[in-house]
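Copied over from Swiss-Prot, here are the features:
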type	residues	note
DOMAIN	5-77	domain 'BTB'
REPEAT	183-241	repeat 'Kelch 1'
REPEAT	242-289	repeat 'Kelch 2'
REPEAT	291-332	repeat 'Kelch 3'
REPEAT	334-379	repeat 'Kelch 4'
REPEAT	381-436	repeat 'Kelch 5'
REPEAT	438-487	repeat 'Kelch 6'
């Protein structure tokens, strides 16, 4: 059997031996060179021919030739995961692989995109015109958007859009996280009940998803982290299709400052930076790509979380500590309504401007409300549930505090509308989420006499101003939260 023919690749004053057959097999550059009959090789009187290369780095060329000598196999290549995360190694290797057109190596990189190298690989894919690698990096960065934002290299890629209508990389990633299917997800301490279509085995799940076509709830293939079990009075908000659960208190009455985020695209929980202040019974609001933790039990300060730094910083505090209030974002501002000050009912609507870091008195109300939930659509705030106490001369008599109502407040016209009420459903301790064309509400049926909190599930249609009742929620439970998240389409998982 004849010995394998070798070729020497010369770069400056160094030579690297490589199998000629493997070189032709793996490198489109050399395959074209040999097939065209071109002769750039120097053939000495004794020994293998020598191919001269210029302009490449020695470390990058060595890595590519090692890959070629390994027959294009990852197992025999010898490059570690740590080396694949080093920017200098990647830069020199991709440069050499692109020049020599070693497509198998470039294709291999598609499956080795990691948090430590995704930004550098994305940059290199742009430089060397590698669309498949660029797409692989974009997909990875969409999956782990907030973790990628924290990377120190990320700001270096944020070049301004080249033409009107173009989006920055950050905006493209943010929008791509919303391309799945909007799904209602419920979290809580579920105590039992016949989960459709089959009862669960063992411990009850702590996360459920709602399938609208069948009107059934199914266990989500994940559970709350142990640190979140038995936590009450926490703040929750959706930011960039992450569900944040922040603060609260344990059943031992100890307040906490911990923060966690659930990524529905990867179905993972991550712990993020803790707040500076332990707080419970506060409001967490997402606005302008940041989170604001507002007030709390006997607390007036406000903290802002920036996912790009994974850090909380204090901003302008509330004018006064508030209890049993609610807050939401509307057109880039935060509105706080209802509750109590340390001395009296809070009849003021407070507005916070993030850019000015300033709280102002927006308007004074004739109706006092507490323990309500709030969501917004365009310039309209919807107030769901809570306890109403009308103070004006036209107030209604014999009004039950514990019934489900929906009101709206237009922040432009400053007009209140009393939209709908449901006297058989409780307006207290409910949870709701804006989802598609309505507000989905998990409430309690006040006509049932039971010690268990059996929840009812209904929807207020914003456009039709009507209630729509669904099949009874399939589990008893408490400490429930309902949210609307984008889950990946089945074809993409």
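Glycine too: its Cβ is placed from the backbone N, Cα and C atoms.
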Query raised in the report: Residue counts in helix (H, G, I), strand (E, B) and coil for the repeat 'Kelch 3' (291-332), per DSSP?
Result: 0 helix, 25 strand, 17 coil
Query raised in the report: Taking a Cβ cut-off under 8 Å, which residues six or more beyond the ends of the repeat 'Kelch 3' (291-332) line up next to it in the same chain?
Result: 146, 149-150, 154, 233, 235, 237, 239-240, 244, 246-247, 255, 259, 272-277, 279-285, 338-342, 346, 350, 352, 354, 357-359, 361, 370-376, 378-381, 383, 386, 411
Query raised in the report: Quick one: mean pLDDT on the repeat 'Kelch 4' (334-379)?
Result: 95
**Report entry** Structural state census, the repeat 'Kelch 4' (334-379) (DSSP three-state)
**Finding:** 0 helix, 28 strand, 18 coil
